[in-house]
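To keep things clear, I will list the structure first and then write my remarks on it.
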């Protein structure tokens, strides 16, 4: 289980994936007349099986040639990007915070029953992330976006991560489909606010140790983070998508628009098993758009893509996204 990625599989929560599929179908019938003029590929037939199933290429020069011609680049990122910044995970043996895994705490029910414990968990995660820095993969993506923008080309990052390392690297066009550790949402008035306080409230200072022998702080609700919007003072929660919750429909709409318009898609550091994000790149590849995967291992979607580059993203991505000889300085 990835620490900074909320995992939605059909076994744990099929609602977000079904909702996304429904959204795509509805948009095809209700918006075709408008969006087909902006993104012609929206009207093309969509299939999910790559006919030749040939192994993807690892030819960097061939990828660079495709990259040099791309006008709209979509980059899908997952936990593998952040792992190279030293972000811990809950995956594999010993993958616990105290005695709980993420799916035990990242739920509306867990927050309702024990908001103090859940806030300790997220306070720990926030403090960890404040000590981490973007790695060469984050920086390569941000540099590429800035450079291509000057050429009238676009780069959009669609990330499953909630750590904001893309923002800190300099990326500006980022869609966070699972929310952010550094935003809060009021349980009473619904107000969403950016929050980088450390600690986020006085009662959480020094709390959140992951050691299994650590006892819960049992902080009273009135001492937990509270809303500062007017006189609300409602209980705040992390503005992230928890297990059992649906993804933001506005974000999903923007994601679909980017995927329908892109002429090159990169899949970076993602396992391709997190739904609905796992459907994004195969959807693009099925339309004949080149997709390049950068990962430490092959994934269930690898065979659908044109390129696969094996290895740490911080090593494979910078040379792939560096300035091409044909680019105008």
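Just so it is clear, glycine is given a Cβ too, placed from its N, Cα and C backbone atoms.
Predicted automatically and left uncurated, TrEMBL annotations should be read as such.
Per TrEMBL, the feature domain 'Deacetylase sirtuin-type' maps to 53-327. Look at TrEMBL and you will find 78-97, 160-163, 269-271, 295-297, 313 tagged as NAD(+) binding site. Summarising the annotation, TrEMBL assigns substrate binding site to 122, 125. The active site, proton acceptor annotation in TrEMBL covers 178. Summarising the annotation, TrEMBL assigns Zn(2+) binding site to 186, 189, 227, 232.
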Within 10 Å of residue 160 (NAD(+) binding site) by C-alpha distance: pick out those among the recorded positions 122, 178, 227, and say none if nothing qualifies.
178
Cα distance (Å, whole number) from residue 269 (NAD(+) binding site) to residue 227 (Zn(2+) binding site):
35
By the count of other Cβ atoms within 10 Å, pick out the sparsest of the binding-site residues 82, 160.
160
Would you kindly give the Cα-Cα distance separating residue 186 (Zn(2+) binding site) and residue 125 (substrate binding site), rounded to the nearest Å?
19
Note the Cβ centroid of 186, 189, 227, 232, the recorded Zn(2+) site, then list each other residue of that chain whose Cβ lies within 8 Å of it, in sequence.
187, 188, 190, 191, 228, 229, 230, 233, 234, 236
Could you tell me which of these binding-site residues, 86, 269, has the fewest other Cβ atoms within 10 Å of its Cβ?
86
Would you count the other CB atoms within 10 A of the CB of residue 178 (active site, proton acceptor), including those on all shown protein chains?
24
Local Cβ density at residue 189 (Zn(2+) binding site) - other Cβ atoms counted within 10 Å:
12
Between the Cα atoms of the residue listed as 'active site, proton acceptor' and residue 82 (NAD(+) binding site), what distance do you get, rounded to the nearest Å?
15
For residue 269 (NAD(+) binding site) and residue 186 (Zn(2+) binding site), what Cα-Cα distance in Å is obtained after rounding to a whole number?
32
Averaged across the domain 'Deacetylase sirtuin-type' (53-327), what pLDDT does the model get? Just tell me the whole number, please.
94
CA-CA, which of the binding-site residues 122, 186, 232 lies nearest residue 296 (NAD(+) binding site)?
122
Could you list the residues of the same chain, at least six apart in sequence, whose Cβ is under 8 A from the Cβ of residue 186 (Zn(2+) binding site)?
192, 227, 229, 232, 234, 235, 236, 237
Same chain only, sequence gap of 6 or more: which residues have a CB within under 8 Å of the CB of residue 122 (substrate binding site)?
181, 238
